[in-house]
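As recorded in TrEMBL, the features of this protein are as follows:
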ACT_SITE  Glu107  active site, proton acceptor
BINDING   Thr30, Gly31, Ser32, Thr33, Asp85, Gly86, Ala87, Asp88, Lys98, Gly99, Gly100, Gly101, Lys125  substrate binding site
Amino acid sequence: MINSIEKEKELAAKEAIKFINNNQIVGLGTGSTAAYAIKGIGELVKNGLKIKAIPTSNRTKEMAILLNIPLIDINTIDSIDVSIDGADEFDSKLNLIKGGGGALLREKIVASLTKELIIIVDSTKKVDTLGKFKLPIEVIPFASNYVLKKVQFLNGEGKIRMLGDTEFITDEGNYIIDVDFGLISDPIYLSSKLNEIEGIVSHGLFIKLARKVIMGNNDTTISFESK
Ligand SMILES: O=C[C@H](O)[C@H](O)[C@H](O)COP(=O)(O)O
């Protein structure tokens, strides 16, 4: 089982990197599936592909440096041509839950700047309705208790993510609250309500950002395109 899931991730990644062209600015996602794409991009660069990349986390940055993938400062560009990233869940409208690895804030900024966001997943990530995966919400530490209380009014039961005995700290120095909202029948509404809460820096609902989801499915891949 484990191996077939890894195979699906790798197949999806291999398919996605075919959409990268010379001289593009490329967003590099975070997580175990995105790592396959980064490895593949490293190979392409070794073989002469000319790109400049923007990593979505410190982990991804380290990996890109090890693979000699040239990087560019996000604050010097106006848009990103293509980004390849993973997801924790996706639905038929290509709305996503992201942030299982805690990188959602930079990922969402990169996704928002991207012309073509390609999401790569294994077949366990496809759902009819988002919400089985607890929604990661990035909060400034000062507001964590306030946000925990506020999400209760939206029927969310949250817990601060821990790493052993201490709070998990994101690349931007924040906490993550993982919130169980039950099944999310209206992700657009929930997203807008969460955007109104002071202290939330970002949340893992990615609405209408993905252009394409490439899902590994046994020995092949299936592509879902946004309408
Ligand atoms: O914060 C992490 C990211 O949103 C990941 O892309 C997401 O959690 C999926 O990760 P994986 O490919 O390891 O399942």
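Glycine residues also receive a Cβ, built from the backbone N, Cα and C atoms like all the rest.
TrEMBL labels come from automatic prediction, so no person has curated them.
Looking at Thr30, Ser32, the binding-site residues in this record, the fewest other C-beta atoms within 10 angstroms of the C-beta turn up around Ser32.
A separation of roughly 8 Å, to the nearest angstrom, links the Cα atoms of Asp85 (substrate binding site) and Glu107 (active site, proton acceptor). Rounded to a whole value, the Cα-Cα separation of Ser32 (substrate binding site) and Glu107 (active site, proton acceptor) is 14 Å. In this structure the C-alpha atoms belonging to Gly100 (substrate binding site) and the residue listed as 'active site, proton acceptor' are separated by 12 Å. Within the same chain, residues at least six positions away from Glu107 (active site, proton acceptor) with a Cβ under 8 Å of its Cβ are Gly29, Thr30, Thr56, Ser57, Asp85, Lys98, Gly99.
DSSP gives Lys125 (substrate binding site) a helix state. The Cβ neighbour count for Asp85 (substrate binding site), using a 10 Å radius over every protein chain in view, is 31.
Binding of substrate is attributed in the record to Thr30, Gly31, Ser32, Thr33, Asp85, Gly86, Ala87, Asp88, Lys98, Gly99, Gly100, Gly101, Lys125, and the widest Cα separation among these residues amounts to 16 Å. The Cβ of Ala87 (substrate binding site) has Leu96, Ile97, Lys98, Ile119, Val121, Lys125, Phe206, Ala210, Val213 as same-chain neighbours under 8 Å, each 6 or more residues away in sequence.
Around Lys98 (substrate binding site), taking its Cβ as the centre, 31 other Cβ atoms fall within 10 Å, counting all chains. Counting other C-beta atoms within 10 Å of each candidate's C-beta, the binding-site residues Gly100, Lys125 are led by Lys125.
Those residues of the chain, other than Thr30, Gly31, Ser32, Thr33, Asp85, Gly86, Ala87, Asp88, Lys98, Gly99, Gly100, Gly101, Lys125, with a C-beta within 8 angstroms of the mean position of the substrate site C-beta atoms are Gly29, Ala34, Ala103.
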